[in-house]
């Protein structure tokens, strides 16, 4: 369970999120949608513990991410950010392995044919799936994905959704930011709409 | 794969031994009965008092400059970073020169090494601080600030070394271009210690640098304490470059070339690169120093000229064969 308690986040002098509270249930898929610039990704980053909210608190199962060491936090939540860029020529398998055991997730996300490719040679969509695979390989109770479908075709989008549903059934709390143009969110257990 | 990696490491170690052997046997003075003299430590003065410490110094500083470059590139996630560009080398030279000016140290002494390491650390930290004044560390700002700070510190080294009257203080060309000509066994103690400690820290921080290549936020998400990892790499960089520069002066290009050559051949994993950058750095410096002292014997050429002549064509050839090892964002 992720508890967001009366948080306010100010960016560049603008109150992006004001006095906001929410509960994200464990073992479910929660989708945060809303127009560009409404603070979806900012909210996600705050949940991930990237920075503290200016007011209020966020807890994951009673733990404060910002008070937890990077190492301990990586056992609690995993994050796949939007537009992951790879500068060094590791293979896809090596990159996923830095999250955890790679074989199963490579199979589930249909990355077998890419496993030995260098990540520096991938398309945007392929790099995004590698980033998602790395986060899932961490096998954390909370999985946070920022726009995971932005560069995916329907087939790969379906693959990712199937894996997320499977993880939720296994008790993982999945939080996803999706663009407001996402029409079909039937696979989500809960949809949070952020407004400007 | 693991076996292949071990074989490649063994091959490079063998190459370094061959290079050392050739370096010991070549020089302006021919050594009669070279093999016999080699079997009897101390027997021949030129072999054991001049060439041996010099060749060992070449192995040590080659490894130090090679891994210093790797740490600079890894910590800044920037393909162009190296000790000379981040201000580390000129900071080390200035630290050593100031200690010599005030009579606190002699060239190659442990005190000079310590001053060099402190100078290296302060200069590198200053470059990073100035490059990240506007928030995130920008690659562009890092290189521009580093080059500017290096130029400033080098100028101060020039001015300061001109004020030194001690006979053994070394010239401005020593500090700017490097030389292994006057190395003694005593000089090896400090640089061997800083290099060993630096290599140890580099080995320890290497897996974090793999993850740092994904960007600070992803590294943090994977459990890396980004600030600590970057500082550890910078301490390793300062120990390696500081110790080497305070002993043999600034030998440019090797810090850029050795890790890139290693990365092209062996891939980006930093643990493997710590070993291979060290071995390739040693190999290039041992060969370069041998050429520097034998091409125009009895005159010596600047070692920096030879490292550039040796390293640059290899680097250019590798880039033209394979250009997906480091994608600049």
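The backbone N, Cα and C atoms fix where each Cβ goes, glycine too.
The annotation transmembrane segment is assigned in TrEMBL to B:7-26 (among others). Within the chain carrying the transmembrane segment (B:7-26), a Cβ under 8 angstroms from the stretch's Cβ atoms is held by residues 34, 38, 47, 51-52, 55, 58-59, 265-266, 272, 275-276, 279-280, 282-283, 286-287, 289-290, 294, all 6 or more beyond its ends.
TrEMBL lists B:46-72 (among others) with the feature transmembrane segment.
What TrEMBL records for B:84-104 (among others) is transmembrane segment.
If you look up TrEMBL, you'll see B:110-128 (among others) marked as transmembrane segment.
The transmembrane segment annotation in TrEMBL covers B:140-164 (among others).
According to TrEMBL, the transmembrane segment annotation covers B:184-203 (among others). Same-chain residues lying 6 or more positions outside the transmembrane segment (B:184-203) and placing a CB less than 8 Å from one of its CB atoms are 49, 53, 56-57, 60-61, 63-64, 67-68, 70-71, 107-110, 112-114, 117, 232-233, 235-237, 239-240, 242-244, 246-248, 271, 274, 278.
As annotated by TrEMBL, transmembrane segment applies to B:231-258 (among others).
If you look up TrEMBL, you'll see B:270-291 (among others) marked as transmembrane segment.
Within its own chain, the transmembrane segment (B:303-321) is flanked in space by residues 177-180, 250-254, 256-258, 260-261, 264-265, 284-285, 287-289, 291-292, which lie at least six positions past its ends and keep a Cβ under 8 Å from the stretch. Annotation comment: TrEMBL describes B:303-321 (among others) as transmembrane segment.
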*If we call contact 3 or more Cβ pairs under 8 Å (sequence gap 6 or more), are the transmembrane segment (B:140-164) and the transmembrane segment (B:110-128) touching?*
yes
*Sort out the residues at least 6 away from either end of the transmembrane segment (B:231-258), same chain, that have Cβ-Cβ distances under 8 Å to it, and list them.*
57, 60-62, 64-72, 74-75, 80, 82-86, 88-93, 95-96, 107-108, 112-113, 115-121, 124-125, 128, 170, 174-180, 183, 187, 190-191, 193-195, 197-199, 201-202, 204-205, 208-209, 277, 280-281, 284-285, 303-304, 307-308, 311-312, 314-315
*Does the chain bring the transmembrane segment (B:110-128) near the transmembrane segment (B:270-291), so that three or more CB pairs sit under 8 Å (pairs 6 or more apart in sequence)?*
no
_Outside the transmembrane segment (B:270-291), six or more residues from its ends: residues with CB under 8 Å to it_ = 5, 8-9, 12-13, 15-16, 19-20, 22-23, 26, 54-55, 58-67, 69-70, 74, 180, 199, 202-203, 205-207, 209-210, 251, 254, 257-259, 261-263, 301, 303, 306-307, 310-311
